[in-house]
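Residues or ranges marked as compositional bias 'Polar residues' by TrEMBL: 137-154. Positions annotated as domain 'NAD(P)-binding' by TrEMBL: 7-308. Residues annotated as region 'Disordered' in TrEMBL: 134-154.
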Ligand code: NAD
């Protein structure tokens, strides 16, 4: 059987590793092989790929998407590129944004150039709802002008525009996805859900930004991965697809659920100074993905959250070394609990 060879950048991170485990797992397609290209920054975890490391259809390359030689060689060997690699944490982009520009913008450009040279069949660029900026009411459609506010979201918006320009100028089959806030197992414990859960499991306080009324739409990792696969296999070249989760919550409401699930009280909450330029609300209209591709989020949030908490409770050996490591010893880009940074 001929196989579609997929190059997955950032495949050792939270979403990328879930995508790879899903593709090579028992319910994944059997006509794909996967190469992960990952630089193994602080956000990567080799253990996240343990499940697939013995698969004959899996290969791991440790390398940087900013390295033109590595990228050129790998892109030449593959049919599709699914591009997750990025610096992904807003707080870190407020503290220092150079890596965000070089990885998210220049790294994407290096990949696109190689894809153009080698005639890549399909290039899926994974982006974020944050590129639309804050929306007080309603939901952002794919047509909405981009209005990013943080260095992170600005770097992602820049990479979206370059990716789409490679379609419009050169005809490269680029498809862009913009998803809302992901949650699930194997997420680095700096983002709000794994940070709060692991703090609560350790009997520590959790830092809540500002008035706690910032609103996010929550998307289970399984739903996101299904959405990306629909875009890769059925989407159209040059199109943008929003992928939403359908559960809008303020950070206060989310915190209440986490406290309840972990058996903790509001005494565990420490209100800290707000993040600079903190977007108030994100919400994406995912009707295009629904109508064109049949996408619909399936995971019930309460169930998904309980499973996520259980996973962190049962897998301390995955997250304890990460929390003890140097990545979380870096002071946060705000005042408040040292070393505790929230999404
Ligand atoms: P993550 O931080 O968990 O993982 C990023 C991965 O990219 C890591 O494995 C890291 O080692 C790798 N990487 C970073 N710089 C690299 C480089 N220069 N070369 C090669 N590899 C490099 O991120 P994530 O949460 O899995 O996000 C994946 C993608 O989804 C990102 O593009 C992000 O912008 C986007 N996204 C994430 C969310 C979310 O809720 N997590 C929401 C919207 C969009």
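Glycine too: its Cβ is placed from the backbone N, Cα and C atoms.
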| task | Report the mean pLDDT of the predicted model across the domain 'NAD(P)-binding' (7-308), rounded to a whole number. | result | 97
| remark: Across the region 'Disordered' (134-154), DSSP yields 4 helix, 1 strand, 16 coil
